[in-house]
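Trainee: Among the features that Swiss-Prot reports, active site, proton acceptor is placed at Asp13, with the record citing sequence analysis. Per Swiss-Prot, the feature active site, proton donor maps to His41. Taken from Swiss-Prot, the feature GTP binding site applies to 12-18, 40-42, Arg301, 327-329, 409-411. Positions annotated as IMP binding site by Swiss-Prot, on the basis of sequence analysis: Asp13, Glu14, Gly15, Lys16, Asn38, Ala39, Gly40, His41, Thr126, Arg140, Gln221, Thr236, Arg299. Marked as Mg(2+) binding site by Swiss-Prot on the basis of sequence analysis: Asp13, Gly40. According to Swiss-Prot, the substrate binding site annotation covers Ser295, Thr296, Thr297, Lys298, Arg299, Pro300, Arg301.
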Amino acid sequence: MAIYAVVGTQWGDEGKGKIIDFLSSKIDYVVRFNGGNNAGHTIVVNDKKFIFNLLPSGVLQGAKCILGPSVVIDPLILIQELEVLKNNNIKTEIFISDKAHIIMPYHIKFDELSEQKKGIHKIGTTKKGIGPCYADKINRIGIRTIDLLNTEIFANKLKTNLEEKNQIIEKIYNDKPLDYDDILNTYKKYIEILKSLITNTEKILHHAINSEKYILIEGAQGTMLDIEHGTFPFVTSSNTLITAAAGCGIPISKIKQKIGIIKAFSSRVGSGPFVTEISNSIGDIIREKGQEYGSTTKRPRRIGWLDLLTIKKAIALNELNHLALTKLDILNNIESLKICIAYEFQGKIYDYIPTSCETIEKVKPIYKVFKGFKEDISNIKNYDDLPIEAREYIEFIEKEVGIQISILSVGSEREKTIFRNQEWSNI
């Protein structure tokens, strides 16, 4: 038995999808433990691109897929993704936790109206209803998948919630109320499609652990978007750390292989402090070469140099023991590369990320500058064949964070991967 966990070390979009995809080849179960359809992951197989927002990345390898209790589910999006599997003749088993919460139309409406009302102070959400759904969960009025299995219970909860939500929509936001019958009838159709997938996933996972199955736990977004430890309030609405996987019913002590994914540069979507942001043409070049546009929103991502303070924080919080570096190939033909090693503000040097966003906005990055490499590295298979400049960049990261980078991604396709030890190449 082995239980692997994969998390992002930055603001999401690190390339977790590709790494998870090939790790899943010998995995029995892939478990998604947080987030909703605000998190997009892209996988390229045989030159065909797949983009999923809810289904785990490992679904393409035939592993059994579990959407855990802390995932919030938009039924329409999930049904559309199941259709993609069907249309591409991808066969797998999907299990939805009966404790997972359901995104309702009023959640999406609230997300849109709230962002509009904030104006220039908006968070930059995906407007998918994620935050309002988690808010209802914490407020103990959310609708769970188990409620969908009893039409009377679902209808009553919807009626109670919608009466309150429509009051707010009309009186606070001066907008049109949502129609109860329309929502009920639409969701009844969703229920017919999804009801056979809803089950006690905790029981399934306990049986898998006792049967010594291989399990891969997949996190959405990244450490710096964690609701507790990220750049609050410019964060997501769930816990993105490996510790949140306990919500699936898997004891943290069972997770021995903890893999952090680092993109060779930084990016973030939406508002919030971004110390290493590149505000010149180099940022534009990296964005276009790396196709750094949100797979969910299509919004252009903000681009920055690699920030080691975020990586060190992610390693400490997640207790990572393995690292994978992605998109190194995107950095070729750039004259100088930079890595942020500390912050400075009013003569004070920070070797950690301040808690206050107001402080983070004011700090200046302290950089280590590296000579760039010109070669196209996308077809290189062995580490020693990389340009010396690329190896110096990688080895500096390793020296600073104290963990070897075991996996290097030099292209979006599965085969464009360099393994630095036998353990990973045999998976």
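Backbone N, Cα and C atoms are what each Cβ position is placed from, and that goes for glycine too.
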Trainee: I want to verify one value. Collapsing DSSP to three states, which class is Thr42 (GTP binding site)?
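Mentor: For Thr42 (GTP binding site) - judged by DSSP and reduced to three states - the answer is strand.
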Trainee: I'd like the Cβ neighbour count for Leu328 (GTP binding site), meaning other Cβ atoms within 10 Å of its Cβ, all protein chains included.
Mentor: 25
Trainee: CA-CA, which of the recorded positions Asp13, His41, Thr126 lies nearest Leu328 (GTP binding site)?
Mentor: Asp13
Trainee: Taking His41, Thr126, Ser295, Arg299 as the recorded positions to compare, which has the smallest set of other Cβ atoms within 10 Å?
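Mentor: If we count Cβ atoms within 10 Å for the recorded positions His41, Thr126, Ser295, Arg299, the smallest count is at Arg299.
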Trainee: In whole Å, how far does the CA atom of Pro300 (substrate binding site) lie from that of Gln221 (IMP binding site)?
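Mentor: Cα to Cα, Pro300 (substrate binding site) and Gln221 (IMP binding site) are separated by 16 Å.
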Trainee: Spatially, and counting Cα to Cα, which of the recorded positions is closest to Thr42 (GTP binding site)? Options: Asp13, Gln221, Ser295, Lys298.
Mentor: Ser295
Trainee: Sequence order is fine: just name those binding-site residues in Asn38, Thr126, Ser295, Lys298, Arg299 with a Cα within 10 angstroms of Gly12 (GTP binding site).
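Mentor: For Gly12 (GTP binding site), the binding-site residues whose Cα atoms are within 10 Å come to none.
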Trainee: Recorded positions Asp13, Gly40, Thr126: which have a Cα within 10 Å of Ser295 (substrate binding site)?
Mentor: Asp13, Gly40
